[in-house]
Amino acid sequence: MKFDFDKGWSEAIAMIRSNFGLLATIAGVLIFLPSAFAAILFPDASLQIAGGNSAQPDMDQLQEAMQTLVAEYWWLFLIVFLLTSLAQLAMFAFMRRRASPTVGEALGTAASLLPSFVGAYILQVLALMAPYVLLVALPALAGLSPIAVVGALVMIPLVIYLMIKFSLTTAVIGLEGERNPVAALRRSWRLTRGNSFRLLGFYLLLAVAAFILFLIAGWIVGLIFSFGGEQTIGFGTALFAGAVDALASVFMVSIFAAIHAQLSRLSVAGDSLEA
């Protein structure tokens with residue numbers, strides 16, 4: 001039994017339509033506002049850091065500016081990350097068919113699941129970094145450049161494969177209430193079994209469509225705000241970035257919830273046939 005592209009998309013759209021008001025409220029408060037604020041703050045700070053010595057900073061100055069920016073505003077990055085994660089978990093809680101929680105209940109559930117999400121996220125990062133360390137970094141440090149090059153070629157598809165296998169981890173935590181990070185990763189791995197290539201194709205189609213829509217919307221927004229001054233353009237860009245983050249989160253949560261639902265049904269059907 002294989003993942004159905006059309007059914008996955010149609011179920012995701014149905015979830016958005018039935019929960020759009022609540023999803024938009026959470027995304028607006030916990031994602032749009034923090035993201036827009038960060039987008040307003042970061043350009044101003046980076047310009048102040050990079051433009052101290054010259055009107056046109058070179059690449060080294062820009063790299064140093066970004067490092068300084070991250071070191072100075074790491075706390076804001078962390079807050080935006082945690083709020084976005086909280087919002088996504090709350091949106092998953094809304095999509096539990098049997099629960100039908102209120103906004104407060106969904107946020108409470110999301111807050112209780114946040115430590116599990118952070119733990120699973122850290123484990124995913126470590127798992128994705130492992131191929132680079134073992135196949136590229138260690139051979140390069142040992143002076144084995146040819147092996148490092150071959151390792152890089154092997155690393156890329158391996159990392160993509162791991163990303164697909166772990167792609168439903170947040171959905172497992174949010175929809176099933178799984179609090180064990182390792183168990184959530186294992187559950188995602190089992191659900192995607194036998195459908196990794198189909199999921200890769202589905203994700204690629206969504207990524208291409210999202211990229212095209214982003215370019216078109218960005219061009220329209222840029223054209224509208226270009227009639228104002230630099231501050232107007234910066235403010236409009238920040239609002240656009242926040243809106244993109246919020247809408248992307250709503251669609252991503254709905255899509256992963258639909259994929260989780262379909263693969264869960266296929267898993268149950270497969271177990272029934274084996275029994």
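Numbering starts at 1 and runs along the chain as displayed.
The backbone N, Cα and C atoms fix where each Cβ goes, glycine too.
Noted in TrEMBL for the protein shown:
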{"type": "DOMAIN", "residues": "149-259", "note": "domain 'Glycerophosphoryl diester phosphodiesterase membrane'"}
{"type": "TRANSMEM", "residues": "20-42", "note": "transmembrane segment"}
{"type": "TRANSMEM", "residues": "73-94", "note": "transmembrane segment"}
{"type": "TRANSMEM", "residues": "106-134", "note": "transmembrane segment"}
{"type": "TRANSMEM", "residues": "140-164", "note": "transmembrane segment"}
{"type": "TRANSMEM", "residues": "200-227", "note": "transmembrane segment"}
{"type": "TRANSMEM", "residues": "233-259", "note": "transmembrane segment"}
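Between the transmembrane segment (106-134) and the stretches 20-42, 73-94, 200-227, 233-259, it is 73-94 that has the most C-beta pairs under 8 angstroms. In this chain, the transmembrane segment (20-42) lies apart from the transmembrane segment (200-227): fewer than three C-beta pairs between them fall below 8 angstroms, excluding pairs fewer than 6 positions apart.
No contact links the transmembrane segment (233-259) to the transmembrane segment (140-164), because fewer than 3 Cβ pairs that are 6 or more residues apart lie under 8 A.
The DSSP breakdown of the domain 'Glycerophosphoryl diester phosphodiesterase membrane' (149-259), given as helix, strand and coil counts, is 96 helix, 0 strand, 15 coil.
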